[in-house]
Amino acid sequence: MASSVLTVGEYLIERLYSHGVHHIFGVPGDYVLGFFKQLCDSPIKVINTCDEQGAGFAADAYARVRGLGAVCVTYCVGGLKVANTTAQAYAEKSPVVVISGAPGTNERHKNPLLHHKVREFDTQLKVFEQLTVAATVLDDPQTAFCEIDRVFEAALRYRRPVYIELPRNVARATGSACHLRELPQETSDPATLGEAVKEAVARINASRQPVILAGEELHRFALQPLLAQLIEKTNIPVASTILGKSVFPESHPRYLGVYEGAMGREDVRDYVEASDCLVLLGALMTDMNLGIYTANLDPRRSIYCATEKLTIGYHSYEDVRLQDFAAGLLAGEIERRVDGPTPHPLPLAQFQPVQDRPMTVLRLFQQLNAFLDDETIVVADPGDALFAGADLFIPGKTRFLAPAYYASLGFAVPAALGAQMADARLRPLVLVGDGAFQMSGLELSTIARFGLDPIVVLLNNRGYGTERPMQDGSFNDVLNWNYSRLPELLGTGRGFEVSTEDQLAAALHEARRHRGSFSLIDVHLEPGDLSPALRRMTDSMGQRVRPAAV
């Protein structure tokens, strides 16, 4: 169908589908019901969730796996509930299209006090302008197609969320084909690029122990194949940041592990920090990636290239794109390194549970490490689910999802929904604390309704285990639910309650065999039991949050 005879809603759907969005997450409301009907008449499958925040997290995970995600909600009461998930997508560079219904343009002058309105009709737009790289209100059918193209281009160029507000009377209005002004392609300045690559190659070749530290932008911009080629050509060892975990296959012999300063494995930290030429590619220099600033990375011995910055030592280069710089390194005459002793994460081929031995965090993750296979995608919430999970051995690329920078609790369960919708070949292993589960765990209802089958491992320490060591108090406690009986409430799924190693082994075995609906494993842990990595993090952060003596 020619775009000139499409309605605005139909054109928006066409653009979503053509960019690989085959599922859209959301909660309907009267300002967006008409567009939901258009979605249901299209090839895109509507996944209506229990809550808007769940829809936002699901769309974020979908984007991380598939390259673009979308969430659709109603005006303000729905839109403002996805502000948090959109903020996380912005911070961690996940391209999500946020679509919000809105009062019709023909309604606003008649009754300025329409329901769901906060202050002015553009209040929600102003909020999302701070959380996205492009935002628009489709209030004119004659320009709507161009506006849709403009925001899609921004989402894909910057790999960050965008916002589209759709007044309900415009969704079914016929749009007008217009030609979007060709935006200039972002290209590197050839002379600057050549000079930067030349200096970088010279530094690498002159070094004794070069190391590549790979970050999340390599995944967001689909540069993993280029990274793999670079490692194969040069044989330089590679580590990843915690936010970039699984950007490179962890089974590769040149993979060192996750570097996260003092929070990570000591052998990885020592090797990376001893490098006399550290090449950081696509890594965000966040406090989490830097081990809460326990990292000891000398900028004089570093080459740092991200989408927004390139520095070599203390030299800064403008107008050089990450993609072009990485390709330049691949094409450059970098000397191939000989194999030598390096750290490497060793998978646990077997785990022998001890009968009646109480479960601990350390042994829990050792057992999970032996449980993983090539078809598993690990989805972790902040806390020990993330920090102990950083040492899990992930065989494939992009098989570990976690909000390791913005760190919003409640991500993992709805993210499992988005991840499995994005790639049905993957089975999510969800790692979530009980506090985070109580925020969004009822999205298992959505998961059950659509026949998905994640395995949810709930770390039950009866509260916020990350915060207790920093500042203890009853405010860190939560009610201990009968989590394993949730399948009875939902009428499907399998529930397990375990407190020993052999009980967990049996539950994991049954969960793997049980397909077609979720499995929820409630693992009882002592409230003060933390992984060494989380203990180091809370010790560091606790110094900042505990009140100082006067």
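Backbone N, Cα and C atoms are what each Cβ position is placed from, and that goes for glycine too.
When the candidates ASP423, ASP434, ASP502 are compared with the Mg(2+) site entry in TrEMBL, which names ASN461, GLY463, the shared residue is ASP434.
The least crowded of the binding-site residues ASP434, GLY463, judged by other CB atoms within 10 A of its own CB, is GLY463. Under 8 Å, Cβ to Cβ, and six or more positions away along its own chain, ASN461 (Mg(2+) binding site) finds GLY433, ASP434, LEU525, GLU526, PRO527, ASP529. Excluding ASP434, ASN461, GLY463 themselves, the residues of that chain whose CB lies within 8 A of the CB mean position for the Mg(2+) site are, in sequence, GLY433, GLY435, LEU459, ASN460, ARG462, TYR464, GLY465, ASP477, VAL478, ASN480, LEU525, PRO527.
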